[in-house]
Amino acid sequence: MPDNSTTLFLAIRASYIVFEIVIGVCAVVGNVLVIWVIKLNPSLKTTTFYFIFSLALADIAVGFLVMPLAIVISLGITIGFYSCLVMSCLLLVFTHASIMSLLAIAVDRYLRVKLTVRYRRVTTQRRIWLALGLCWVVSLLVGFTPMFGWNMKPTLESARNYSDFQCKFDSVIPMEYMVFFSFFTWILIPLLLMCALYVYIFYIIRNKLVQSFSSFKETGAFYRREFKTAKSLFLVLALFAGCWLPLSIINCVTYFKCKVPDVVLLVGILLSHANSMMNPIVYACKIQKFKETYLLIFKARVTCQPSDSLDPSSEQNSE
């Protein structure tokens, strides 16, 4: 008969797997809906929403690939070292794809309020695709860096326990990589840069609104729309930071040889994955175009009408 500690361990693992499955399904369904909305609504085919499309793709990958892989890794199954390493690297790739997409969105909104008239000449279709490609190339390079030698294989071989290897994330990915390269270099620095950009965006908009109060109503309307959009996208950034920083802090604590309870680690992992299902909710609540298109899709599904000609009229809260 299993003792209480074993029963508790199994209950925690089972709960973790159930939550991962629920979060994964919600992330996939929600972000597929985001892509559907962008495809159907012509007014959303703008630079910012190309990057939101990229973010949604990364979140779909988290739900469809990362969460099943995270469940497999949490079980500590016995597989080859490099098979485990590839799975672990995929977890990292899509995390960094999300933050690179968020950075691209922040830069785009900055250019939108800074350049105004010259914005459309600067953000050409070619440059947009180059920026999207760069986001994913950087994510692949950062995420797959452990495949090029920065991994735990030398440590395992020197400890002579390589033959009975169990696949766990920290058994293949060094904490030095997670803390100094992945977190400090490619998560924390971009987060700080994005915060600085949004602070400057709000500063510019505030000044322009003050100036336009006694001049052109059209200018004031433009900057009020930009303010609403910037607030919504900053909320997306804040949620990303709030969901991912706890796990990064746990990694830092682990690096300095402090013991972290398994349940705390699992909650941190779940919180980071839950971020992938939050963005569609933010868009629905905060961006009018999304809300109206969501409702039209729902109405079309309920009444069995085709929805491929959607063109909802809504207030301009983006370009």
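Glycine too: its Cβ is placed from the backbone N, Cα and C atoms.
Under the topological domain names given by Swiss-Prot, Thr7 lies on the same membrane side as Asp262. Of the listed residues Cys26, Cys167, Cys195, Cys243, Cys167 is the one Swiss-Prot pairs with Cys84, by disulfide bond. Across 16-38, 86-107, 179-199, stretch 179-199 shows the highest tally of CB pairs under 8 A with the transmembrane segment (233-256). On a Cα basis, Asn4 (N-linked glycosylation site) lies 31 Å away from Cys84 (disulfide bond).
Taking pairs at least six residues apart, the transmembrane segment (179-199) and the transmembrane segment (16-38) share fewer than three Cβ pairs below 8 Å and do not count as touching. Between the C-alpha atoms of Asn4 (N-linked glycosylation site) and Cys167 (disulfide bond), the distance comes to 26 Å. Cβ contacts within 10 Å of Cys167 (disulfide bond), excluding its own Cβ and spanning all protein chains shown: 22.
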